[in-house]
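*Asks:* Here's the feature list from Swiss-Prot:
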ACT_SITE  GLU244  active site
ACT_SITE  CYS278  active site
BINDING   GLY221, SER222, SER223, ASP224, THR225, GLY226  NAD(+) binding site
Amino acid sequence: MSELFIGGEWAAGTGPAFASRNPGTGAAVWEGNSASADDVDRAVRSARRAFAAWSASSVDERCAVVRRFAALVTERKEALAEAIGRETGKPLWEARTEAASMAAKVEISIQAYNERTGEKRSAMADGTAVLRHRPHGVVAVFGPYNFPGHLPNGHIVPALIAGNAVVFKPSELAPGVAALTVQIWRDAGLPAGVLNLVQGEKDTGIALANHRQIDGLFFTGSSDTGTLLHKQFGGRPEIVLALEMGGNNPLVIGPVADVDAAVHHTIQSAFLSAGQRCTCARRIFVPNDAAGDRFLERFTEVTSRITVGEYNADPQPFMGAVISVRAASRLVAAQERLLADGAKALLKMEQRDPKLGFVTPAILDVTNVANRPDEEHFGPLAQIIRYGSFNEALEQANDTEFGLSAGLLADDEALWAHFQRTIRAGIVNWNRPTNGASSGAPFGGPGRSGNHRPSAYYAADYCAFPMASVESAQLQMPASVSPGLQF
């Protein structure tokens, strides 16, 4: 087997064996050995050796490589979509959009580098002020499973454009997609050692995060893991740590004339990607009146008809399996805890086969649950909270340590003005799903949702550091010298 990619060559891992499985069938998709601590060390040292030449190359040369990568991603879009669907359970219609996003990210990242970093000059009385940006060196990229191609790409592309060398540790649940992506980078002509792949589970990640020769760590994943990394690097200011994590995201339903439009956007917010987007709505605030009752009745009715099926089924389902049998079981267990604490099931989640990752979407009214836990249930589990006044809804919506996304569905523009002024989140949408985001805008949020804005336009900010210079081509004595100096 050749599980790892180090120094421009595929190599066998020397750590424990592991495998990924199609969550919709249970069949093995990828099998191999993880990277041991020694393998990780070789990968980091390979990146360090490659860094000097890569960072010394021109921005145009680096951009030419990433543009070739984008072109190859477009050519191989169907193969990528198939790999994403097979390994994650994501329906092909959605996997194709992920592959397209991988290619689209390149031009946005190039634009971001030029506009937010790059080089700028301004004249001074006695010279020229120059602002340049320099790469950090060797950066580790940790990728998630829900978008195993697109989200790591949101770190890797801007890091490479800035001149960094990368060691990529993908999710152990999607190693096959990572291997295919790295092969495309190789075919695009990326020099040996500039991008290295270390496959593996927890121990591989620990070895990479603990390596003393990395200059930065860029992470997209769970808040729990990101918080551990934040604690780990708390005493190491020399490490650039960029975190994009999850959210307990609120969606507030206000007065609307088009109930079906509100229901559609709520379903998209809560259940797209089987609820496995960090921006999915987890808490849905519904007015405690007749209009709220009508909304809930229609929301429950339409949700009950959502199709769930295999990634390559024809016709395509709206939802595929969640990432694993374990994830499915945890979601069902979370539902049972909420029901035991007083929640009312408007639509109960079912895992029809305990050996597979398929679950049906759930709608639970948790209004009467005391001390509701502030946690992200990463799947199709929507919690309904009835409210009396709009200010009450806002107060409860902000009652979270997270701050990734939030949304308001309402016809009244005055409510929107109040909402966007009051809500605490990094992505705040009006009459659009909570998981709708522009690649040309910051992606992320405050609190336990992260500290930087990975995966989009602002990623350039943490991939390079500013270097300020005052320059003069000719060495000259000043017209006057400071008091106390004699020449």
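Cβ atoms are placed via backbone N, Cα and C, with glycine included.
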*Asks:* For the recorded positions ASP224, GLU244, which Cβ has the most other Cβ atoms within 10 Å, all shown protein chains included?
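*Replies:* Output for this query is GLU244.
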*Asks:* Which residues does CYS278 (active site) neighbour through Cβ under 8 Å, counting only same-chain ones at least six apart?
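*Replies:* In sequence order, ASN146, GLU244, MET245, GLY246, GLY247, GLU376, LEU404, SER405, SER449 meet the Cβ cut-off.
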*Asks:* So for GLY221 (NAD(+) binding site), how many other CB atoms are inside 10 Å of its CB?
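*Replies:* Within a 10 Å radius of the Cβ of GLY221 (NAD(+) binding site) lie 21 other Cβ atoms.
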*Asks:* To see if you understand the setup: which same-chain residues, six or more apart in sequence, place their Cβ under 8 Å from that of GLY226 (NAD(+) binding site)?
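*Replies:* The answer is PHE219, LEU243, GLU244, MET245, ARG448, GLY450.
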*Asks:* Which of these binding-site residues has the least crowded Cβ, counting other Cβ atoms within 10 Å: SER223, THR225?
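*Replies:* Taking SER223, THR225 as the binding-site residues, the minimal 10 Å Cβ count falls on THR225.
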*Asks:* DSSP three-state call for GLU244 (active site): helix, strand or coil?
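*Replies:* Once the DSSP labels are grouped into three classes, GLU244 (active site) ends up as strand.
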